[in-house]
Protein chains: 2
Amino acid sequence: MTIETISTHRAHGGTQGVYSHSSAITGTPMTFSVFVPDHAPGARLPVLWYLSGLTCTHANVTEKGEYRAACARHGVIFVAPDTSPRGEDVPDAADEYDFGQGAGFYVDATQDPWAKNYRMRSYLERELPEVIGTQFPADMARQSITGHSMGGHGALTIGLRNPDRFRSISAFAPIVAPGEVPWGEKALGRYLGEDRAAWREYDAVALIEDRFAQEGARHPHLLIDQGAADDFLVEQLRTHRLAEACQAASIDATIRLQAGYDHSYYFISTFMAEHVEWHARWLG
Amino acid sequence: MTIETISTHRAHGGTQGVYSHSSAITGTPMTFSVFVPDHAPGARLPVLWYLSGLTCTHANVTEKGEYRAACARHGVIFVAPDTSPRGEDVPDAADEYDFGQGAGFYVDATQDPWAKNYRMRSYLERELPEVIGTQFPADMARQSITGHSMGGHGALTIGLRNPDRFRSISAFAPIVAPGEVPWGEKALGRYLGEDRAAWREYDAVALIEDRFAQEGARHPHLLIDQGAADDFLVEQLRTHRLAEACQAASIDATIRLQAGYDHSYYFISTFMAEHVEWHARWLG
């Protein structure tokens with residue numbers, strides 16, 4: 001396993017790097033960014049994953065996320081993967097911002113022509129963690145996850161499916177119930193096919209409902225911030241559905257509606273330091 | 001005097017706006033960004049100006065500068081102007097990143113074809129302050145100034161020429177002696193002509209030398225951060241020349257070399273909060 005260093009910059013008393021590696025799972029090169037705070041020789045630091053939203057790469061949060069000061073203060077490594085496989089040979093829907101490249105929706109696609117490359121679930125659940133654990137001074141026994149919008153959906157679903165791997169889960173303006181909203185119905189339908197039962201592993205509200213019904217599974221540390229002036233709130237995000245599911249499952253989630261804030265990185269960057277600090281509490 | 005609101009976003013407990021107005025001085029529309037922290041009705045807040053570097057617009061620092069949390073904490077308005085006049089009718093040197101549009105060097109040009117539009121000195125010393133003072137809840141009796149690279153040169157020269165207007169001056173990786181380095185010799189030569197005496201009002205080291213010789217003028221609050229790993233340090237920035245000039249004039253400046261940091265916004269954003277806090281001390 002080798003990775004290529006694309007760039008490194010000293011920032012906030014640590015190193016902000018951008019890296020690329022050849023992914024066996026997506027069959028493409030994959031780019032990601034990692035911030036590593038300065039640390040004692042031999043020390044291993046906990047990891048906070050950040051999954052990005054539609055149209056984004058690693059670069060958006062790396063430039064605009066304002067996470068480095070807080071990560072340096074709390075000694076947390078911050079990893080920002082891409083949102084899909086990319087490349088000329090990767091099937092795309094070039095005119096659609098909400099499907100194809102830049103819109104992987106954190107699923108393992110089962111439908112042609114997407115199934116070959118669009119395997120962001122396995123990439124993030126299995127392959128990239130191994131890269132991070134072997135190539136960086138990361139303590140993989142201490143991980144948490146967050147994300148924005150489509151990436152908030154990714155953080156919630158990956159986190160809820162792997163409660164033993166992640167000590168805490170947060171999200172900024174997540175798509176909480178993709179099976180019920182236009183963005184999700186389009187993406188899940190084309191990546192996974194029309195059998196909606198297959199969608200439920202990729203839907204935070206459905207996961208909570210199903211898991212609760214079976215075994216009462218839940219996550220004890222869940223934090224959501226949602227802008228009240230977010231133009232996507234009513235049609236695509238529907239935060240109240242997560243609140244209802246958590247209440248029905250007796251999950252003690254913190255779900256906050258932030259007056260005046262929209263869907264942009266102006267919103268994310270405002271609450272980022274607080275999320276990092278909150279995760280750091282569970283990452284010990 | 002009217003301004004057009006291009007966008008506003010709630011961020012860090014304040015409002016980040018982008019605005020445009022028709023400048024009588026440059027003869028063009030000019031775009032700028034302003035962050036206004038929440039404040040009591042009728043209150044007027046001090047102003048920190050930030051002048052950007054080569055190729056930048058207001059957008060770079062607005063997206064990557066990480067100033068909003070500190071400005072909100074200290075109740076400081078943050079203004080980021082553009083770096084030159086722009087437009088199809090504005091003379092340009094399209095193949096040169098360091099001259100023409102995006103590279104106004106904060107001078108009033110005297111040479112054709114630049115003299116008509118390239119008047120960033122007067123724009124920033126006279127016109128834009130009036131816009132800020134009348135259109136925003138700004139206390140224009142309390143102003144400070146900072147900037148990066150070419151904008152650090154702008155902050156130093158505008159600040160040193162107007163010590164009564166600015167309570168404190170800081171800069172990130174400034175061009176301290178443009179009359180002695182390739183970027184400055186090119187720009188000042190073409191905007192101002194070959195008579196180097198005319199350049200000295202636009203050269204921080206020369207201003208300190210000349211003013212000191214005449215009347216001992218100086219600024220009591222001067223803070224510089226410079227990355228030690230900045231690729232432009234030796235040829236273009238030459239921070240040691242400012243240190244020498246300050247020492248010769250008995251100016252008690254704080255000039256810090258930051259190990260490992262380069263010329264990018266990863267450097268600027270690291271020290272931004274500290275600069276805002278330092279200015280806030282003098283802004284009261």
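Glycine too: its Cβ is placed from the backbone N, Cα and C atoms.
These figures come from a predicted structure and were not determined experimentally.
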Exercise for the section: From the ranges B:1-20, B:141-160, grab the one TrEMBL calls region 'Disordered'. Expected result: B:1-20
Completion exercise
Per the Cβ under 8 Å criterion, with at least 6 residues separating them from its ends, the region 'Disordered' (B:1-20) contacts 29-38, 58-59, 62, 68-69, 71-72, 130-131, 134-135
Handout entry: Nonlocal neighbours by CB distance (under 8 Å) for B:SER149 (active site, charge relay system), same chain, sequence gap 6 or more
Key = B:GLY53, B:LEU54, B:PHE172, B:ALA173, B:PRO174, B:ILE175, B:PHE232, B:LEU237, B:HIS263
Exercise for the section: Tell me the residue counts in helix, strand and coil for the region 'Disordered' (B:1-20), as DSSP assigns them. Expected result: 0 helix, 15 strand, 5 coil
Exercise for the section: For B:ASP230 (active site, charge relay system), just count the other CB atoms lying within 10 A of its CB, please. Expected result: 21
Practice task
Using all protein chains in view, find how many other C-beta atoms are within 10 Å of the C-beta of B:HIS263 (active site, charge relay system).
Solution key: 22
